[in-house]
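Trainee: Next up is a structure, given as structure tokens.
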Amino acid sequence: MEADFEVFTSLRYDPVLLQVPDSDLSHADWNHAHASPFYMLDFHRDRMLKAAVHWRWDAAVTALTGDSGLQKLAGFITQNIGESQRNAPLKVRVTISSKGKMGASVSQITEAPLTALYPGKLPSLVPEAQPDSKVETHHHLPPKIPEYEVVVADLRTVPSEYTHYKTTKREPYDRARQRAHISLPDRKEVLLVNREDGSIMEGSTTTPYFWRNGRWVTPDVSRQNSTKSWSGGQDGTTRRWILEKPGSRIAKKTDQRLIYTAATAKMESIFQTQAALRKHLGLHKIKAIRNENYKRNGTKSYVYLLNRFNFQPTKPGSYFHQPEGDEDSETPRTSTHTRLVKATDDGKIGQVTADDQQNDSEYLCEITIGTPPQKVLLDFDTGSSDLWVWRTILNKHNNFDPSKSSSFKKSEGQTWKIAYGDGSSASGDVGTDVIMVGGLKIKGQAIELASTLSKQFSEGTPDGLLGLAFPKINTIMTNGKPDPQPTPVVNMITQSDIPKDAELFTSCFYSTRDQKDSFYTFGWIDEDLVKASGEEIAWTGIDNSDGFWSFPSESVTINSSKIKLSGNKAIADTGTTLALVSDDVCDALYKQIEGAKYSEIYQGYIIPNTVTADDLPDFSIAVGDKEFIVQKEDLLFAPADDKNWYGGVQSRGQLPFDILGDTFLKSIYAIWDQGHNRFGAVPKIEAEQNVTSPTQ
């Protein structure tokens, strides 16, 4: 039985398209490879063929399939255009029935230049700056040629197969135009709205694009007829063409729906709430000051991580963990308690000292403690949960003096101790006091006062540390028993003046190559930085059961080659300078860099210092469901010697998870949303990749 409707497409016939093969419009794809007056004929055939396959119209599928189907379609259209009509552009409406019978109708349309039919890029709403131009580059309206009045349909549309495929059943579109009082000649368009979630589906006769956060976006369409992942609109030909362009600035919206969706409206509401909170409490950015004493050293940074996370390396080198009490043995054996040691030049086992590892912090942040406030410069660390400061008077340090604070209260019976695998430690007693972080006052915060310090701690520049992980790994004890205390963020969350959507902090890091200010915020997200990224915030749930900011990271991509890492997890850690991943990922990454190799001397991968940014691979790491590119400049961590760089990505050894430190975090704006137990990010890639040696 023949269906009571037909599939159709409307395409452009234009003799000017015959010039495309001889032009420089290589991005015109099929029209550049074929001298044809039919605009994107291959895509128009494809959309009809997809519909025929969906409804299992065997005769129509046979008629349209393959090169013969394309030639048949072109021949049929040509036969239906009169000789007298062939010198001007035309709109051709082609139909096909379930029995494979074709039909065509022709009407006149206006002329258009080839550059309008196949633009190299869509016009930006932000004009490109000219050299020495002082013209402002924001708040510009889009070009309006031709100008259309656009309205949103007053009634919503139920998405169906008849809205996904283009058929002669046009009731949703016709009704929307009738209600908007639009006739075909009018320069007016109505946008159909999905009844399920209020997202834009498409225009009644056009494909809409919207300028959002620095780029164009268009409603998504699904390969399957599933309303869970599509806008409900049609798979248009021009939309498909531009979305498939390499480096396209067009984004298709899927789970985060386009315009007026719950997610978009929610984010705008959050920005407004946080703006009001900032004004009310006087919140401001906390500048992450570059530590002038910090000197990059790849091997020392790696040894510091071996010590801090107590993991056994899987690559050869001088440093490894050995069971305690077994210093004289050359063959480490399994033991619950290990100590970080090093192999000396004479083949013996020696102790790891403070000089063997990086004991300083790249960034320092100012907070105040007590009443009146005392300023200290702390290392903000999302891999720790202690807030400790110097109590012992040390040169070059600001110590907190609790006797000068009227709000300080000593916590009877409480002590704390941080101990690392090399035997180094810091410890002391505990009290509570008020702290100010970025304008936010946090009361009753546990302050750990360092009275005993190993050389590793005392040689660093910071006046202490502010932990931003979860309380489980806080080291405070009461009467000798573990008694973890709330971190500053946990205490912030419990305050009545902090709404749910402000129970977070954010981090934004730049290297000295970039000459930009790094910062943290507490209680608010930098809206401008999010919108400048051109993307929605990508969120993923976290697992804080071990005290860290841990999330799924189940893939990486190296030069378009994806490596699946089923079940893999990563922690985001501002206290780590490198990024640590599995040996397999390391090997795959460095194989893509000519001359790169693993060095046993430096206990890490090294890269020739003759490389340029173009020599380095595109490398992205998954945060939940989305991968983020690592800036190429950050793949080069520090000079290893006068001929090589020490790589910014290194082996995690026997650790069961990746550690994404500053090498990765400098490529994103990170949102640490403790209130909603999630981690969010948007990309933050510099336009120019500077591979010169950083000053730190």
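Even glycines carry a Cβ here, placed using N, Cα and C.
Copying in the features that TrEMBL gives for the protein in this structure:
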- Asp381: active site (ACT_SITE)
- Asp573: active site (ACT_SITE)
- 363-682: domain 'Peptidase A1' (DOMAIN)
- 319-339: region 'Disordered' (REGION)
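Let's see these features in context: how buried, what's close, how far.
Mentor: Within the same chain, the residues at least 6 positions away from Asp381 (active site) whose Cβ sits under 8 Å from its Cβ are Leu465, Leu466, Gly467, Leu468, Ala469, Asp573, Thr574, Gly575, listed in sequence order.
Using a 10 Å radius centred on the Cβ of Asp573 (active site) and all shown protein chains, the other Cβ atoms total 28. Taken residue by residue with DSSP, Asp573 (active site) is part of neither helix nor strand, so it is coil.
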Trainee: Restricting to the domain 'Peptidase A1' (363-682), what is the model's mean pLDDT?
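Mentor: Across the domain 'Peptidase A1' (363-682), the average pLDDT comes out at 93.
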